[in-house]
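What TrEMBL lists as NADP(+) binding site is B:L8, B:G9, B:M10, B:G11, B:T12, B:V13, B:G14, B:S15. Annotation source TrEMBL lists domain 'Aspartate/homoserine dehydrogenase NAD-binding' at B:9-127. The NADPH binding site annotation in TrEMBL covers B:K103. The domain 'Homoserine dehydrogenase catalytic' feature in TrEMBL is assigned to B:135-313. The L-homoserine binding site feature in TrEMBL is assigned to B:E188. The active site, proton donor annotation in TrEMBL covers B:K203.
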Number of protein chains: 2
Amino acid sequence: MEKKIALLGMGTVGSGVLNILKENKDLLLNSTDELLTITHILVSDLNKTRTVDLSGIQVTDNIEDIKNAEIDLVVEVMGGLQDTKTHLLYFLEQGIPVVSANKDMLAEYIDELEHTALNNKTTILYEGAVAGGIPIIHSLTHSLNANRISKVMGILNGTTNFMLTQMADKGLEYEDVLKIAQDMGYAEADPSADVLGLDAARKTLLLARLAFKKRFKMSDLDVIGIDKVDKIDIVHGKKANMTLKLLGVVEDKSSSYHLSVAPIFVDNTHQLSNVKNEKNAVFVEGNAIGQAMFYGPGAGSYETASAVVSDMINTFNLSSKKTILPEEFGEVDQSKEQSDYYFRFSDSIESVKEVLKDYEYKLIDETDKVFIVKSISSKVYEDIQEELQVKASYQVIGAGQDGVAGTN
Amino acid sequence: MEKKIALLGMGTVGSGVLNILKENKDLLLNSTDELLTITHILVSDLNKTRTVDLSGIQVTDNIEDIKNAEIDLVVEVMGGLQDTKTHLLYFLEQGIPVVSANKDMLAEYIDELEHTALNNKTTILYEGAVAGGIPIIHSLTHSLNANRISKVMGILNGTTNFMLTQMADKGLEYEDVLKIAQDMGYAEADPSADVLGLDAARKTLLLARLAFKKRFKMSDLDVIGIDKVDKIDIVHGKKANMTLKLLGVVEDKSSSYHLSVAPIFVDNTHQLSNVKNEKNAVFVEGNAIGQAMFYGPGAGSYETASAVVSDMINTFNLSSKKTILPEEFGEVDQSKEQSDYYFRFSDSIESVKEVLKDYEYKLIDETDKVFIVKSISSKVYEDIQEELQVKASYQVIGAGQDGVAGTN
């Protein structure tokens with residue numbers, strides 16, 4: 001049967017969707033019995049030259065043309081916030097299913113959209129919104145569903161992971177690597193959403209919601225970007241067998257939840273340490289599976305479209321008897337658990353040692369006064385910040401803690 | 001609603017299933033609206049002392065008791081081949097869904113079982129049969145379904161991965177590490193199925209079938225175990241920044257398929273190289289997603305039960321409108337693509353160099369006459385084996401080939 005699909009947006013991901021539908025047409029038809037046909041495309045500029053063949057498709061810059069058409073599915077890859085949400089609500093209210101990869105919008109409106117979908121006996125799927133092609137949304141929903149999830153930790157932004165990898169591997173400074181990322185098209189002219197950690201934060205919020213079945217607000221997250229990262233700390237980290245990664249972390253601390261995005265030093269025996277450049281990975285901890293990790297492309301035209309097209313197939317081919325939507329807001333507590341911390345101080349080495357004398361620590365570099373202080377609480381972490389002049393500090397996720405193969 | 005479930009088998013995985021159903025009862029009930037209740041358990045020895053609470057459950061050693069009972073689902077974790085299959089066929093013929101983690105049986109009878117399920121409008125799910133808790137079966141079926149899969153490559157046997165890791169990290173000989181694995185309960189008294197690569201081969205076959213939607217026979221696989229692996233090669237590999245891994249590999253070579261299990265040297269920049277001890281990982285290549293990897297526990301009571309219980313939930317909660325069963329057998333061609341190879345020779349270094357003079361090679365060790373020969377065909381590989389005395393040889397999966405982050 002033919003399914004008539006409206007594609008809202010014709011950027012990188014939109015083109016990928018069109019290309020996959022074309023290149024894998026036989027395979028998709030074979031596996032679904034549905035002929036997934038793009039009948040309408042919404043674009044912002046009708047005069048733009050397109051490299052993709054659009055014959056037979058009604059291309060419009062007016063959403064009303066699509067609202068008035070007979071459509072079986074809406075695929076939203078155009079970005080935008082409130083207006084986009086309003087359009088999608090309209091379709092859901094008509095009982096038309098939606099697939100979206102718009103993480104900015106979803107982080108804000110996912111609850112409203114999913115409720116509207118459920119009330120109108122239809123669905124909204126969004127695998128492409130988090131970690132590109134990696135099927136983490138579907139896996140949390142349908143494959144790790146026997147687990148009480150205690151932690152999700154991910155490299156969720158390819159741009160910043162590319163930048164941190166280049167700083168580590170090539171010894172480049174932040175400004176130089178930002179320029180390279182911009183030249184290569186990984187970073188926008190205004191890179192704030194990436195480098196300040198906001199993009200990762202939105203994906204982190206979506207993961208927390210699925211993992212814990214609670215609602216969260218963006219303001220629930222502690223967000224630190226990579227814009228203050230100094231090459232020197234990456235170099236010292238390397239000496240201590242650690243790699244700096246921008247991690248979205250969500251944890252169930254039994255009575256409350258911890259949600260954050262921050263650059264964190266990861267021990268080189270940890271699976272996440274080896275996730276390089278624009279790749280993404282999501283590490284999950286559950287009470288049945290223990291620890292698992294999903295690795296793959298965090299962005300890209302075909303790569304993200306792999307997730308979007310999968311959602312399109314599953315919209316027609318897979319149905320859940322029960323959908324649970326989180327109703328309550330999760331209680332958030334930002335205080336961190338006991339952890340190791342990396343510090344670079346500007347005080348004299350003697351005064352640092354004097355303050356740290358009650359704690360277990362390892363001196364990494366005498367000249368730059370770099371220390372790793374072991375197993376300290378949030379309180380002690382703050383005390384140290386007060387008593388000494390800290391030039392840089394990062395949490396350290398240690399060997400043998402997570403991601404390290406069980407035995408030995 | 002209560003779902004009455006018969007558990008066939010009460011070993012490691014069976015106990016895990018019971019424990020998860022108990023410990024995550026509220027969570028499971030909440031996410032499915034179904035009360036998953038084990039009403040019957042089939043055991044081989046009624047007199048064995050059990051550590052799990054079995055009150056309210058009918059424990060029997062007679063399958064007829066279960067055939068005569070009113071059952072909504074059969075979960076098979078007891079092992080066995082033809083008899084087990086016969087029982088499962090019986091249930092499927094009654095329209096009763098089945099979940100199985102019995103890879104030995106499934107590798108042989110999956111086609112027959114799935115056809116019977118389909119003909120009787122029911123399902124057989126088997127996530128627990130491949131790579132323990134890692135949701136690779138579900139992901140290939142429902143998350144990577146927009147992709148034409150070209151390659152699947154996995155560390156699918158925890159016992160041999162544990163052994164190879166210990167040989168590499170502790171410099172132990174094969175015999176010593178086998179004994180350790182047996183003492184730790186990782187390896188059976190008769191370790192053949194693991195060390196000869198048969199267990200990995202069965203899982204490899206199941207993955208090939210899903211990836212390529214073709215049928216395969218066990219005889220289609222080239223299988224080499226780890227029983228001939230010498231510590232010395234692992235040591236030399238280490239010097240060349242490579243790690244020896246027992247890999248199940250299936251490849252679509254457009255006109256035919258290649259299926260094999262063999263110890264292969266993996267470059268240390270490859271994601272698979274860092275999968276240690278009893279952990280498993282599956283690396284997938286598709287024409288949309290590019291490359292992705294799924295990492296997690298390959299065995300274990302709770303870990304495998306994570307997959308089994310997920311299948312139990314999905315049996316009731318998730319339905320596919322279309323199920324495609326492979327009908328045709330895939331044509332298999334065992335000749336390998338051009339690749340790098342590791343060799344250790346017993347001939348004089350001069351005669352080795354004379355034979356290798358037309359090829360690009362790297363001398364790894366002069367004394368032990370260890371070479372890596374670059375990009376040679378199967379034909380050249382065999383020629384070298386004929387002209388020289390080869391003490392050991394392994395395929396090498398190189399840096400920049402797979403699993404290495406794109407850019408750079």
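Each residue, glycine too, has its Cβ placed from N, Cα and C.
Nobody curates TrEMBL annotations by hand; they come from automatic prediction.
For the pair B:G11 (NADP(+) binding site) and B:K203 (active site, proton donor), the C-alpha distance works out to 20 angstrom. Here the domain 'Aspartate/homoserine dehydrogenase NAD-binding' (B:9-127) has, by DSSP, the following mix of helix, strand and coil residues: 55 helix, 20 strand, 44 coil. DSSP assigns B:K203 (active site, proton donor) to a helix.
Looking at the residue listed as 'NADPH binding site' and B:K203 (active site, proton donor), their Cα atoms lie 7 Å from each other. Listed in chain order, the extra residues whose Cβ falls within 8 Å of the Cβ center of the NADP(+) site residues B:L8, B:G9, B:M10, B:G11, B:T12, B:V13, B:G14, B:S15 are B:L7, B:G16, B:V17, B:V77, B:M78. Each residue contributes its Cα atom, and for B:V13 (NADP(+) binding site) and B:K203 (active site, proton donor) these two points are 17 Å apart. In the three-state DSSP scheme, the residue listed as 'L-homoserine binding site' is classed as coil. The most densely surrounded of the binding-site residues B:G11, B:G14, judged by C-beta neighbours within 10 angstroms, is B:G14.
Cα of B:G9 (NADP(+) binding site) to Cα of B:E188 (L-homoserine binding site): a distance of 18 Å. Annotated pair B:T12 (NADP(+) binding site) and B:K203 (active site, proton donor), C-alpha to C-alpha distance, rounded: 19 Å. Cβ-based neighbour count (10 Å, all protein chains) for B:M10 (NADP(+) binding site) stands at 22.
With the fewest other Cβ atoms inside 10 Å of its Cβ, the least crowded of the binding-site residues B:T12, B:S15 in this structure is B:T12. Other Cβ atoms within 10 Å of the Cβ of B:K103 (NADPH binding site), summed over all protein chains shown, number 23. Around B:K203 (active site, proton donor), the C-beta neighbours below 8 angstroms that are at least 6 residues distant in the chain are B:K103, B:A107, B:A129, B:V130, B:A131, B:G154, B:L156, B:N157, B:G248.
In the three-state DSSP scheme, B:L8 (NADP(+) binding site) falls into the strand class. For B:G9 (NADP(+) binding site), other Cβ atoms within 10 Å of its Cβ number 23.
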